[in-house]
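Here is what TrEMBL records for this protein:
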| type | residues | note |
| --- | --- | --- |
| ACT_SITE | Tyr31 | active site, proton acceptor |
| ACT_SITE | His108 | active site, proton donor |
| BINDING | Asn82, His88, Asp95, Ile109, Ser110, Arg119 | substrate binding site |
| SITE | Arg26 | site 'Transition state stabilizer' |
Amino acid sequence: MTENSAPTETTILVLNGPNLNLLGTREPAVYGSRTLADVEDLCRAAAAAEGLGVEFLQSNHEGALIDAIHAARGTARGIVFNPGAYTHTSIALADAVAGVELPVIEVHISNVHKREAFRHHSYISPVAAAVIVGAGTDGYRLAIQHLASIVRD
Ligand code: DQA
């Protein structure tokens, strides 16, 4: 992803999991027409409005996501996390979130509860500070605003 500004005390990590690099062309009826670059732009704008800096990372690899969560402990005040399909499979990602004790806002662009049954369970939700589902890419803005209020408290 793009180069990020130096972490500050008020940097947050926006982390996207597998297949989210395909946003814009991937099942647009489900995920909309905004690309991941558009999402990054909206995250930067939303964070700047809250006085927060952003690190932005997308990976298709579970281990890379785990490493990013671990690294965030030293560089970020919280994480906005769309784990993609790993939401429904990954105890390792849930353990990473629990292990770093940073506030994590779980985001899903689509309303996973309206979709296949295998998308109804999340390993991440029990360790997330909040969950935003089905608000489209606007969910990232909502997550950043909520994370900002947590970080301010
Ligand atoms: C998703 C929902 C997941 O079920 C799916 O595997 C994704 C995207 C969402 O943002 O709606 O990759 O996390």
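Placed from the backbone N, Cα and C atoms, the Cβ positions cover glycine too.
Mapped onto this structure are the features recorded in TrEMBL.
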residue : record                             : DSSP (3 states)
Arg26   : site 'Transition state stabilizer' : coil
Tyr31   : active site, proton acceptor       : helix
Asn82   : substrate binding site             : strand
His88   : substrate binding site             : helix
Asp95   : substrate binding site             : helix
His108  : active site, proton donor          : strand
Arg119  : substrate binding site             : helix
Candidate nearest His108 (active site, proton donor) in space, where candidates are the recorded positions Arg26, Tyr31, Asn82, Asp95, Arg119 and distance is Cα-Cα: Asn82
Rounded distance in angstrom between the Cα atoms of His88 (substrate binding site) and Tyr31 (active site, proton acceptor): 17
Distance-selected binding-site residues near ligand 1 (C-beta under 6 Å), from Asp95, Ile109, Arg119: Ile109, Arg119
Per-residue Cβ crowding (10 Å cut-off), top of recorded positions Arg26, His88, His108, Arg119: His108
Rounded Cα separation (Å) that holds between Asn82 (substrate binding site) and Tyr31 (active site, proton acceptor): 13
Sparsest-packed among the binding-site residues, when each Cβ's other Cβ atoms within 10 Å are tallied, from Asn82, Ser110: Ser110
Listed in sequence order, residues with CB under 8 A of Ile109 (substrate binding site) and six or more positions away: Leu23, Val30, Tyr31, Gly32, Asn82, Gly134, Ala135, Gly136, Thr137, Gly139
Spatial neighbours of Asp95 (substrate binding site) that are distant in sequence (at least 6 apart) but have CB under 8 A: none
